[in-house]
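Read through the structure below, which is laid out as structure tokens, and then see the notes.
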Amino acid sequence: MAYFKNIGKIAYEGKGSDNPLAFKHYNPQEVVLGKTMEEHLRFAVAYWHTFTASGADPFGVGTAVRGWDSANEMDQAKMRVEANFEFLNKIGIPFYCFHDRDIAPEGASLAETNKNLDVIVDLLEQGMKDTGAKLLWNTANMFTNPRFVHGAGTTSNADVYAYAGAQLKKSLEIGKRLGAENYVFWGGREGYETLLNTDMALELDNLARLFHMAVAYANEIGFGAQFLIEPKPKEPTKHQYDFDAATTIAFLQKYGLKDYFKLNLEANHATLAGHTFEHEIRVAAINGMLGSLDANQGDLLLGWDTDEFPTDLFSTTLTMYEVLKAGGIGKGGVNFDAKVRRGSFEDEDLFLAHIAGMDTYAWGLKAAAKLIDTNLIDGFVENRYRSFKEGIGAEIVAGRATLASLEQYALQNNAIKNESGRLERIKLQLNEIIYSV
Ligand code: XUL
Ligand code: CO
């Protein structure tokens, strides 16, 4: 059955087009710096925002009008599978991502829940075969159900920890069956509200133990997906353990997990942590930990996780610049962890929102490629650090300097001269590049 009957395949029509249901910048086969846009961007649809969510917020019920609204839970789950493949095909996105609980409702017991999952996974497997759609990543939702009130891998209750382990095991099996290219761990309730009732050391040790078990089980069943941790500083808990890229890398290093994981970085999580998205990507890249991206944007006036579709060109340009400089996104992709606003409740809005995100990323990719071609940032940065290429700077970089040799140099060097960082000039040139592509 078709759910989006009034919408056909979204085509690339180019900059001159005024058709809202067409791409102006995303031209999948267009080659940018040696790869097609499709290969660079590896877009994915987030099942939860696009097919499961209703538009409910803390002050009001759902507003979305969908073709599966009136069905019972299990039928809804089946209808969403069909809608997913129809949507992916029409919008031209090769990948999708889901949490276990997005695709199938929970039953009265874990066994029943797993049975519901099996029914839907069969349908997903068939749909993927029929359409060629691929799973960028799956994950386990270990935060929505009340049992996870005190966390999953960081809970104070060993029975809940065991349940989380069982849920994770099933989720890894699903990932293997559907050929997931990545598997994501976002620590939904892996954090704490107050130290007044919390054993932080035990919680972190236990979380690491769960990750080690996941690595061991994936190995055992031959599930070769890239494992990703998704940092976020707050929401739902006040202190999320995977605060940002740097904190997460330190955690992985401490527990001997760094070789088994990379990071899934999200734009809105970066801004919640007081960082830019490009900062988070750079931190990951210079540590060899860049895995995948959750593309969205927050509202800086609100300061919470609003998961808006990305429309900020300045940010997508700098994001894609970081990705290109890191050598690409590898097995990861650009997953739209983004939801239409509550007021955008029609099916058509799902298409318009993804088109906006895809065009903004494609535009950012083209601008980033031009930034590299024109050598604007690289050239400036290289020149800015040139003092480390010779003399005392070269000694420092080679690891040959000592405090005594630095003192000897500084004592005779009486005329330190600094240079301007030229930030305003660079920003204007960046604007010119963004609007020229
Ligand atoms: C929550 C979030 C999640 C993860 C997957 O803020 O981003 O949807 O991406 O669990
Ligand atoms: Co996310």
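Placed from the backbone N, Cα and C atoms, the Cβ positions cover glycine too.
Predicted, not measured: the structure shown is a model, and the values here were computed from it.
Pulled from TrEMBL, these are the features on record:
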| type | residues | note |
| --- | --- | --- |
| ACT_SITE | HIS99 | active site |
| ACT_SITE | ASP102 | active site |
| BINDING | GLU230, GLU266, ASP294, ASP337 | Mg(2+) 1 binding site |
| BINDING | GLU266, HIS269, ASP305, ASP307 | Mg(2+) 2 binding site |
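What TrEMBL annotates, mapped onto the structure for a quick look.
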residue: HIS99; record: active site; DSSP class: strand
residue: GLU230; record: Mg(2+) 1 binding site; DSSP class: strand
residue: GLU266; record: Mg(2+) 1 binding site; DSSP class: strand
residue: ASP294; record: Mg(2+) 1 binding site; DSSP class: strand
residue: ASP305; record: Mg(2+) 2 binding site; DSSP class: coil
residue: ASP337; record: Mg(2+) 1 binding site; DSSP class: coil
*Cβ under 6 Å from ligand 2: which of the recorded positions HIS99, ASP102, HIS269, ASP305, ASP307 qualify?*
none
*C-alpha of ASP305 (Mg(2+) 2 binding site) to C-alpha of ASP294 (Mg(2+) 1 binding site): distance in Å?*
12
_Of HIS99, ASP102, GLU230, ASP294, ASP337, i.e. the recorded positions, those within 10 Å of HIS269 (Mg(2+) 2 binding site) when Cα atoms are compared_ = GLU230, ASP294
_Filtered recorded positions, from ASP102, GLU230, GLU266, ASP294, whose Cβ is under 6 Å from an atom of ligand 1_ = GLU230, GLU266, ASP294
*Would you find the one among the binding-site residues GLU230, GLU266 whose Cβ has the most company, meaning other Cβ atoms within 10 Å?*
GLU266
*Near the Cβ of ASP305 (Mg(2+) 2 binding site), how many other Cβ atoms are there if near means within 10 Å?*
20
*Rounded to the nearest Å - Cα separation of GLU230 (Mg(2+) 1 binding site) and ASP102 (active site)*: 18
*CB contacts for ASP337 (Mg(2+) 1 binding site) [other CB atoms within 10 A, all chains]*: 25
*What is the interatomic distance between the Cα atoms of ASP307 (Mg(2+) 2 binding site) and ASP337 (Mg(2+) 1 binding site), given in whole Å?*
7
_Residue among recorded positions HIS99, HIS269 with least C-beta crowding, 10 angstrom cut-off_ = HIS99
*Cα of ASP102 (active site) to Cα of ASP337 (Mg(2+) 1 binding site): how many Å, rounded?*
13
*asked:* Let me check the 10 A CB neighbour count of ASP102 (active site). How many other CB atoms are there?
replied: 22
*Find, among the binding-site residues listed as ASP294, ASP307, the one whose Cβ has the highest number of other Cβ atoms within 10 Å in the structure shown.*
ASP294
*asked:* For the C-alpha pair, I'd like the distance in angstrom between ASP337 (Mg(2+) 1 binding site) and HIS99 (active site), rounded off.
replied: 12
*Can you list, in sequence order, the residues of the same chain other than GLU230, GLU266, ASP294, ASP337 whose CB lies within 8 Å of the CB centroid of the Mg(2+) 1 site?*
TRP186, LYS232, ASN264, LEU265, ALA267, ASN268, HIS269, LEU293, ALA295, ASN296, ASN335
